[in-house]
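Here's the structure we're looking at; comments come further down.
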Amino acid sequence: MAQVAKKILVTCALPYANGSIHLGHMLEHIQADIWVRFQRMRGNQVHFICADDAHGTPIMLKAQQMGIEPEQMIAEMSQEHQQDFAGFAISYDNYHSTHSDENRELSSLIYGRLKANGYIKNRTISQLYDPEKGMFLPDRFVKGTCPKCKAPEQYGDNCEVCGATYSPTELIDPKSAVSGATPVMRESEHFFFDLPAFSDMLQAWTRSGALQEQVANKMQEWFDSGLQQWDITRDAPYFGFEVPDAPGKYFYVWLDAPIGYMGAFKNLCDKRGDLDFDEFWGKDAKTDLYHFIGKDIVYFHSLFWPAMLEGSNFRKPTNLFVHGYVTVNGAKMSKSRGTFIKAGTYLKYLDADCLRYYYAAKLSSRIDDIDLNLEDFVQRVNADIVNKVVNLASRNAGFINKRFAGQLADQLADPVLYKTFTDAATSIADAYNNRESGKAIREIMALADVANRYVDEQAPWVVAKQEGRDADLHAICSMGINLFRVLMTYLKPVLPSLTERTEAFLNTELTWDSIEQPLLGHSITAFKALFNRIDLDKVNEMVASSKEDMAPATRVTGPLADDPIQETISFDDFAKVDMRIALIQQAEFVEGSDKLLKLTLELGGETRQVFSGIRSAYPDPKALEGRMTVMVANLAPRKMRFGVSEGMVMAAGPGGSDIFLLSPDSGAQPGMQVK
């Protein structure tokens, strides 16, 4: 009995329309596209949509900086985004924008239903206001000193140094990031979505088993801490949709952004004419709805979004498919290192299938971060796609074309081996279906090893030179081509461009349901190179080009030029270092050393012995006695030839005679902690 085809709607998170697509974005779109292409190969009806997230203060301000209207900026950005996604063969059925008539109508409809059902609450709040720009300031547009660790230049919602969260009003000496003016407090009436009213429904959804375990666990933490009402409005000036019957009030971008999924699908329905919007979004819809998103936006998609849909009488998502972040060479993407690589820059240098394959080989259904190691990227693509898969075709096609007029043999040389390959279809399909593409790739490459071992053992290049063995040569090479066909069928969701060239070469479409029937007596076309090896030089050029995309850095002079600032550490790392004020009671030369001084330090109740390499700077050690300095007090004792050193004194300078012992300000006492 044939399986009934599913009807599936798939979305990716909407890219924000104030910047270019980069390789971090591409992880999600590639993951979703692989899953969508597989579902289509299996006969399911899939509608794959996305849109630009085109509203909010950042877009309004960036357009002002560019001297253009926001509408022009988001239109240009949409064109760039769509070009990048097309370059990576992301098979969207529709790519739209949240700044659309469909989205305006649906946002108003959902808001109206929520309000009518009693889920919208009004209350007056106090906010920071920029008196020069005449606008209320979002959290990220206020900067000041962290109220917890006192780090300067921190955003209005959290500190990037100590990790603390707070409200913008708690900042010390806050400034508007827009004008630099000191903001003032003003009151404004805002509208709130009553999220706590949906707590029971959301907890039941969480426990349903549909969500990834990591997502469900995170949601439970939020439930335990208590859900809060959600502010869904912003005051003018704001680029977005005005709230019906509330002049000067606009929907917060995160209210209309997920509704953009619905707007993009509504736009597709209107274009096509054969799709029913309610079949996919109606309260009792039997179709499937999946959102591919990053772990940074789980909060909005797992709490606000299903609650909004429930409260406005629409269906909830079938599931959220959440992925981790992308690092490059083991670190956060960096513009200075050239590893913040835009999608458009990548496409100038490399085949999109290469990145699609590398991501696929690393992806699983878990919310794990993916590292794009550029050297491993080159090696893996060349080893797997070129050496294992494409090489299988090139090793056999030449003989088929030259000796047998491009026609494959009428029988399989090894039906048992061929069945081993086709039997793997079930487990590989399960892996793809469960978003375990890394597992699928491992199984496919294991088969590729078997196929190449078969060719190595049969040695067609030797058989070709032996008289009377044409039939053997024909059978061996035809078997090799058929194994290549099975492998490429399995790889079709991952490698669309290579698949297209392969289908032209094999003169047949690669379909999942046809692999059990080998190509027998079938004509193939002349073999042409199907895939080029990645040249590491090209990768290095891409990285260099990504560096050049930045504005020229100001030339550093002085001490920083000779001794650059080290890699950033976390506040927790810094907090492990215990620095104390110390009184130098005694300072003396160390016999047998022309670099060290022996210091006896008093820490207010405890005495330490420290050996310090400052002799060249302080030829008269007695001059140091009675002086206050700073020492690292919790450094592990170090056994030296002259004795045990029980800490380290702090000094500045390049070394030699240019060393300057640090001293605290007057009033500091021995033993005081340096913070």
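Glycine residues also receive a Cβ, built from the backbone N, Cα and C atoms like all the rest.
As annotated in Swiss-Prot, motif ''KMSKS' region' covers the listed stretch 332-336 rather than the other ranges in 102-106, 332-336, 602-606. According to Swiss-Prot, the feature motif ''HIGH' region' maps to residues 15-25, out of the candidate ranges 15-25, 125-135, 180-190, 466-476. Of all the binding-site residues listed here (C146, C159, C162), the one with the fewest other CB atoms within 10 A of its own CB is C162. Shown for the domain 'tRNA-binding' (573-675): DSSP residue counts in helix, strand and coil, namely 7 helix, 47 strand, 49 coil. The DSSP secondary structure for C146 (Zn(2+) binding site) is coil. Looking at C149 (Zn(2+) binding site) and K335 (ATP binding site), their Cα atoms lie 28 Å from each other. In this structure, the CA atom of C162 (Zn(2+) binding site) is 24 Å away from the CA atom of K335 (ATP binding site).
Averaged over the motif ''HIGH' region' (15-25), the predicted model reaches a pLDDT of 96.
Between the CA atoms of K335 (ATP binding site) and C159 (Zn(2+) binding site) there is a gap of 22 Å, rounded to the nearest whole number.
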